[in-house]
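Some notes on the structure that comes next.
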Amino acid sequence: MTTTMPPPPAQSQPQSNAPTAHPLEPSALTTLLSTTAPSTPLSASTIQILHNLQHQHLWTSLRVHDLHLPSPNPNPDSTTPNDPLYLISGIPPHHVYTHPDEQLFMLERGLRDEDVELDRMFVLPTVEGQSWSLRKMAGVFDSLPGGDDETSREVEGEKADKLREYYEYREKARVTREWGGKRMLLAMVDRQMGGDGTVVYYVVHDGAVKPRQN
Amino acid sequence: MDEPTLPIPISYIAGSYFLFSIDAVTYVRREHHICGVLSGTLPQIPQQNVFLGLPLKLMPEEARLLVEKGVACIVDEVKVQKDGMRSLMEEDRKKYLRELESQGQHAMRLQTDRKEQQREKALKKIEEKKAKARKAEQPPVADGPSEGSVVDLFANDQGSETSRRSSTVAAPYGTAMGVTPATSYPPLPYESSAEQRLALPEVPSSYPMFAHLHSEGYFLSPGLRFGCQYLAYPGDPLRFHSHFLGVSAEWDEEFDLMKIVAGGRLGTGVKKGFLIGGAEKTEGDAGDPSSVRTFSIEWGGM
C-alpha cells in the first residue's frame, strides 16, 4: 500500500540507520535518536515510538508520514507556527482491533483472526503533556486514507469462499460504517522528567463506535 | 396508555426543571428517550433515598431538547400556582375538596374490599387444611362421628364469627384515605398562558454533543457516577448497559492528551468506550450546531 500523504515521507526508514559502534555504548534508542536526521522534539518521540512498535510489538514495514494540518484560523494571537505532525504506519503482527459485530460475523463463518489479512494501521505519536484539540483530532482523521480496495485481494485455501464473503461485506460495512469508521492508534510516550519511557496505545475511532466486550 | 396533551408543561422551580405527571414522565421516556432522574422522597423522611418517586428532575439539556422538539414548554411554576390560586373561586375550591374526599373514599373502599377477599381466601385455606386433617384422622377412629361433628361445628362457628367480625370492620365507609395528587390540575388550568411560559433553558456548551447523541438514538443520563458528563445507553437504561462515557469539548479547546488516556482507561475499565466530541467549527460559518464530531477511545491492549 502506498500512502498518498502530502508531502512525501521526510525521513528515511530508521531501520536503515544502523547504529554505529560506540565505545561507551549508549542505549540503542539513544543512538538511534542521535543518529537520525532532523531532530525536533516531536520527531524524536516519533522515532522512539516507532522503535517501540518495531522492537517491542514487532510491527513490520513501518513508515513515517509528515502531516500538515490546515492551520486553525481563529488563532491570531498565537505566534508559534503550526508544528508539523507525524504519523507512523505499519503492519502489526496480529489484529489490534476487531469490531464486535465484525467478530460475530467472522465467528458465524468459522473464520479466525489469522485467516484475515493484516492491514496497515496508522499510529499517531504523541507525548505526555502535549496539548490537543478536537480540531486537530478531526484534521488527523480527515487526512487518513479511506482504506484500500478489497477487490485486489487474493484468497485461496479451503476458507476462500468465506473469506471472499467477508471481504465483500467488509467493503460494504466500510461505507455504511457498520463496523466503525476510520480508526487509528494513539501512542503516547512518557518523556517528561522522571518518565520511564513507557509507550501506551489507545484505539481512537472517528465517530461513536460501540465498545468491545473486553 | 394515556398520552398527555402537548405541549407538556415542564415546571421550572428554583433553577431546576421538573415533571410532576406520571403520564408525562412515561411518555417522554417511551417516545422521546428522555429519562431524567426521579427525585421525590417522603417529605418527613428524606434520608430514605434508595427508591425515589415523582417528581422527575430533568437536566437543562433534556428540558431544552423537549422544548426544541415542540413536545414541551417551560412554565414558571411559582407564577402558575399564584395566578391559579388567585383565580380559584371559593365554589371551585369546595368542589375540588369534595372530589378529593370522594376519591379517598373510593380508594379506602377498594382497599378494604381487597383485604376482605384476602382474608376469606386465607380462611378457606385453613378450613381445607382442617378438613384434610380430619379425613386423615377418620379412618383409624371407626365410629367417631360425634367427635368429627364437634370439630366441624367448631370450625364452622369460628369461620362465621371471623367473617362477621371482619364485615363490621369493613363497614367504615365514612373514613377516607388522604389523597395527595402529584399534579395541581384539575383545579388549575393545564395550559399555561403566554406570560407564564419561560424562554429556552440555558444549557452548558456540551449541548450540541448531547443533542447529537440523542438524535442517534442514545439515551443519555448524567455521568457523575462514572466520572464523565453523560452516560450514553444504546437503549432504555433499564435494559442496557451504557456504551459510552461522554465528555464534550469546544472545537478549539486545548486539552491535555492525558485526558484521553485517562478517559480511555477509565472507560475500558468498566467495559465502555470513552467518547469525546463537540460541535465542529468550519472555516466559513460560525459553527453549525448540527455538525458534531465525536471520537471514541478504547485501550489498545498492547
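Counting starts with 1 at the first residue shown.
Just so you know, glycine gets a Cβ as well, placed from its N, Cα and C.
These figures come from a predicted structure and were not determined experimentally.
Noted in TrEMBL for the protein shown:
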DOMAIN    B:8-77  domain 'TSEN34 N-terminal'
REGION    B:128-180  region 'Disordered'
COMPBIAS  B:128-137  compositional bias 'Basic and acidic residues'
COMPBIAS  B:157-169  compositional bias 'Polar residues'
DOMAIN    B:206-279  domain 'tRNA intron endonuclease catalytic'
ACT_SITE  B:Y233  active site
ACT_SITE  B:H241  active site
ACT_SITE  B:K272  active site
- Does anything in the same chain, at least 6 positions from B:K272 (active site), have a Cβ under 8 Å from its Cβ, and if so what? B:F226, B:H241, B:S242, B:H243, B:F244, B:L245
- Task: Based on Cβ atoms within 10 Å, give me the single least packed residue among the active-site residues B:Y233, B:H241.
- Result: B:H241
- Message: Across the compositional bias 'Basic and acidic residues' (B:128-137), what are the DSSP residue counts per state (helix, strand, coil)?
- Response: 10 helix, 0 strand, 0 coil
- Pull the DSSP breakdown for the domain 'tRNA intron endonuclease catalytic' (B:206-279) and write it out as helix, strand, coil residue counts. 24 helix, 22 strand, 28 coil
- Item | Predicted model, mean pLDDT over the domain 'TSEN34 N-terminal' (B:8-77) | 89
- Message: As a quick check of your reading of DSSP, tell me how many residues in the domain 'TSEN34 N-terminal' (B:8-77) are helical, how many are strand and how many are coil.
- Response: 21 helix, 27 strand, 22 coil
